[in-house]
């Protein structure tokens with residue numbers, strides 16, 4: 001059945017499209033009449049949070065987005081950063097949260113597909129992917145189903161397309177029970193003189209539809225992604241898109257081949273709001289109008305209405321403005337790859353967005369007001385109440401060895417091998433470090449020494465306690481993970497996941513997180529070049545923890561000198577960089593406090609950004625000089641977990657000195673800005689004393705805390721734990737949980 005265009009517009013219909021009464025009045029004032037049903041759908045799609053960023057734009061403008069290496073910042077399909085030698089890295093992270101909760105396999109799969117298109121739309125060949133996943137409590141009846149579906153969807157699409165998944169995160173928390181998070185990242189390589197943009201230029205030029213046919217899948221997807229969930233959630237399943245990675249692979253090859261011919265003036269992938277958003281963005285950015293004839297759009301279903309065709313989010317589709325003389329060559333390329341090619345419209349000089357269907361005009365709207373001049377809100381926000389700092393002395397001592405084993409086998413700190421073994425981590429043949437290290441590392445093809453490092457980070461429990469410090473910490477940990485490989489951190493993309501911005505306390509979390517992120521990015525010269533905001537992550541009024549995911553990219557000039565987390569040999573000195581004399585002090589909001597003592601209290605660890613920069617620059621220097629044989633940052637679980645991960649990665653044990661003060665704080669405190677390093681030096685070696693003195697001159701604490709060797713990890717006076725016992729604790733939880741739902 002075809003949906004007519006002359007449906008009466010009622011307040012109920014307006015509300016069903018996610019538009020507030022004042023927004024609908026603004027539409028009436030803008031166009032001077034009642035909109036058609038298709039026009040209502042177009043406004044609904046373009047003015048929702050997912051497309052317009054109407055609640056967040058005011059604060060996103062405060063973020064640092066430029067730097068000497070930045071070629072393209074926010075506002076395009078992806079960010080672009082120069083890596084020298086005429087090459088650049090193109091990358092972005094984006095959410096597919098709501099679709100993945102409704103239909104986990106397709107929701108996650110199309111999230112991967114969408115972010116890959118964002119990258120190759122810019123003219124880059126994708127070389128790496130990551131994903132940051134948050135699920136509800138392991139004992140929630142839906143969690144196991146969601147984990148299985150999401151991981152299968154990511155693997156199914158990414159593996160088939162042919163991009164290696166080199167990193168990511170998985171967290172569990174009851175606050176995600178009704179709203180999981182799926183944040184997908186992709187990066188690609190391009191030539192700096194071969195970047196393509198979405199800004200249309202020139203009047204009367206053909207607008208060309210490319211790729212797969214249009215169906216009814218995903219109609220209303222962008223609007224669904226801008227709303228809270230309620231008890232009608234299952235009814236939203238038809239709004240989830242269906243992906244085909246093999247078609248996407250053909251689309252990639254066809255686009256890159258066409259780009260090489262010089263035919264492309266502007267290009268935009270059809271993501272959220274499909275044909276509507278892609279056409280509006282191309283025209284609005286270029287100060288041009290766009291006229292589309294829907295009778296020429298390739299469709300795979302009969303009797304599709306204009307409303308459905310304009311709002312369909314069928315996957316693997318592109319919109320381009322082409323040079324007219326190149327049309328035959330362009331069509332030949334796309335036909336060769338088995339893809340549709342259709343001239344569906346033209347650019348105009350009247351700044352109107354005109355839609356024709358069945359010989360009739362079904363929409364005629366001002367294009368700028370739909371696009372870059374959409375509504376913008378300065379929503380009220382409240383300063384959240386900050387928890388007091390936790391006195392570590394109030395935390396009773398627990399057995400260090402038992403505590404370490406419990407942490408290694410906990411849902412949040414256990415091995416993610418079950419997850420990443422379902423992803424192809426080695427395809428393309430350039431992966432130098434796969435998941436399990438501080439950052440994924442991929443060799444830059446056609447260059448003898450360069451590699452790129454990738455990391456994704458945020459600690460939601462820190463953000464819940466103090467989103468300002470949590471925002472700073474997410475940036476700092478990402479910067480630290482890149483540094484720990486020896487990479488120069490270049491730039492980041494963010495994925496800001498929050499609840500309902502109409503609630504001042506939620507908006508307060510968002511604002512403070514933005515302020516923290518901005519402060520950290522400025523201090524660390526780590527600009528934000530792309531990103532995504534996902535709001536209304538709530539179910540029945542229950543918001544997720546604030547989760548501002550930060551994904552960063554770093555450049556390793558010579559990958560033969562990169563550092564890994566595995567102990568490199570026996571008898572090597574173990575050093576702790578950037579730590580206080582007592583090694584660790586901060587137990588507030590720590591994994592140890594939560595998982596061993598069952599307490600979620602205190603302020604998160606503060607981030608001293610000047611200290612972070614000093615320590616990181618020193619660590620990067622000693623990695624590149626060859627002095628350091630292994631490096632690992634200290635994060636969740638503190639020093640003890642970092643040491644255990646280094647031992648498990650190598651099969652080599654270590655003996656660690658007894659700390660001077662509290663063993664709990666020393667081994668499990670989550671003080672920021674710390675790294676564990678090893679050097680092929682004896683404790684009594686004069687070179688080690690020189691290294692420690694060099695650190696002191698650089699304003700960095702460097703403490704010798706132990707030595708590698710044997711097959712056991714002994715932390716101070718605690719009982720020794722064999723590396724095999726560590727691995728058994730670490731590797732067991734996830735497979736048991738996914739096999740039979742075991743929580744032990």
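The backbone N, Cα and C atoms fix where each Cβ goes, and this holds for glycine too.
Just so it is clear, the model here is predicted, and its values are computed rather than measured.
Within 20, 92, 472, 561, the residue that Swiss-Prot lists together with 53, 494, 531 for binding ATP is 92.
In the record from Swiss-Prot, residues 95, 96, 97, 98, 117, 241, 313, 314, 315 bind substrate; the candidate from 530, 534, 560, 582 listed for the same site is 534. Residue 269 (Mg(2+) 2 binding site) sits 16 Å from residue 95 (substrate binding site), taking the CA atoms of both as reference points.
In sequence order, 60, 533 constitute the residues six or more apart from residue 53 (ATP binding site) in its chain with CB-CB distances below 8 Å. Taking Cβ-Cβ distances under 8 Å and a sequence gap of 6 or more within the same chain, the neighbours of residue 531 (ATP binding site) are 60, 74, 92, 93, 493, 494, 495, 496. As a whole number, the greatest separation of Cα atoms within the substrate-binding residue list 95, 96, 97, 98, 117, 241, 313, 314, 315, 534 is 21 Å. Residue pair residue 315 (substrate binding site) / residue 50 (active site) shows a Cα separation of 17 Å.
Ranking the recorded positions 50, 94, 96, 313, 532 by Cα distance from residue 118 (Mg(2+) 2 binding site) puts 94 first. If you measure from the Cα atom of residue 117 (substrate binding site) to that of residue 94 (Mg(2+) 1 binding site), you get 12 Å.
When the binding-site residues 97, 313, 532 are screened for a C-alpha within 10 angstroms of the C-alpha of residue 50 (active site), the residues that qualify, in sequence order, are 532.
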